[in-house]
Amino acid sequence: MLKVGSSLLAADGGGLSPRFALGLAQFVSANLAAGRELVIVSSGAVAAGRAILPKAMDVGAPIAARQALAALGQAQLIALWQRFFERPVAQVLLTHDDLRNRRRYLNARATLGELLRLGALPVINENDTVSVDELKLGDNDNLAAIVAALVDADALFIATDIDGLYSADPRSNPLARPLDDVPELTPEVLAMAGGSGSNVGTGGMRTKLEAAAKAGAAGIETYLFNGRSGEVVRALALDRLRGTRIHAARTRIAARKYWLRHAPVEAGAILIDDGAAAALTGKGASLLPGGVAGAQGDFRRGDMVEIRRRDTTGDGQCLARGVSQYSALDIRRIAGRHSREIENVLGYSYGENVVHRDDLVVL
């Protein structure tokens with residue numbers, strides 16, 4: 001899995017630069033020639049769109065203008081990658097809902113698997129044209145980590161515009177030293193990451209470490225490297241790492257539990273009492289309506305939600321995530337009741353559990 005940010009593809013004068021993409025394409029070609037399968041997660045559609053309509057962000061609403069630029073630039077982005085390869089390049093656009101909904105998540109996995117079987121090179125991007133801003137995945141680092149787990153990748157390579165992870169921000173601290181090997185993403189390591197990186201993209205070093213943590217939970221190592229350095233990219237093509245290696249977690253969680261833990265969450269939560277909290281975290285129990293104190297948001301049956309312990313603020317600690325068997329409206333009506341009362345209260349029942357333990361992961 002290779003993730004390429006827009007800052008590595010954007011030309012100084014606007015649009016996309018084939019010169020910067022060439023080295024990364026050579027890295028891809030070397031891996032393909034070695035018989036490896038590879039998936040690319042590539043940003044750059046909005047940057048490409050700005051070259052077509054440079055004043056779009058000045059005259060339109062920020063969200064609508066960005067979505068329009070993404071629509072204009074996505075074709076340019078795919079064309080950029082296609083020019084480097086003889087094999088077909090497949091465009092795959094994903095949204096928050098595609099990863100949150102279990103059926104669509106599995107369908108995306110099947111599609112990507114078939115593309116790889118057919119010898120195509122999938123190039124994935126978030127579908128900015130239709131993504132609702134408050135439900136956006138946020139950055140392609142996060143998307144790359146989830147897709148890496150989706151396709152059961154062996155490694156996640158994240159191309160950056162610096163040489164990897166440093167002990168401090170090298171742009172502002174001359175004493176910053178590069179870290180070649182990170183056995184574990186401790187709080188101290190996470191604190192080394194600064195804020196945003198280039199002003200072209202949306203992801204800084206912090207998001208890259210968060211992506212590495214998500215990939216690591218699926219047993220996938222992450223490599224951060226300087227995608228602008230031809231020397232570094234050529235070394236990588238020869239399997240000689242020049243950058244930062246971040247080890248996978250010692251214990252790999254099961255595929256379904258990974259999805260429950262890391263898939264995007266609907267804007268909603270189920271509030272539970274102390275007894276239910278103890279049952280979930282200590283006994284691995286399902287969540288029954290008797291332990292439910294209420295619901296936040298307007299989620300539907302089958303949505304992924306957070307499960308929070310109720311406190312005096314009404315918005316307590318998030319203890320778990322899971323797929324709700326009932327809508328927020330239904331949960332408010334059956335909260336605190338016995339499971340046998342569900343059908344009498346609602347007029348129907350989807351079972352005794354609000355969230356079944358097989359559809360739940362404790363954080």
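Just so you know, glycine gets a Cβ as well, placed from its N, Cα and C.
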>> Looking at the substrate binding annotation from Swiss-Prot, with Asp128, Asn140 already listed, which candidate in Ser29, Ser43, Ser229 is the matching residue?
In response: Ser43
>> Taking 10 A as the limit, how many CB atoms besides its own sit near the CB of Lys3 (ATP binding site)?
In response: 31
> Can you tell which of the binding-site residues (Asp128, Asp161) has the fewest other C-beta atoms within 10 angstroms of its C-beta?
Replying inline: Asp161
> Using Cα-Cα distances with a 10 Å cut-off, which of the binding-site residues Lys3, Asp161, Met205, Thr207 are near Ser43 (substrate binding site)?
Replying inline: Lys3
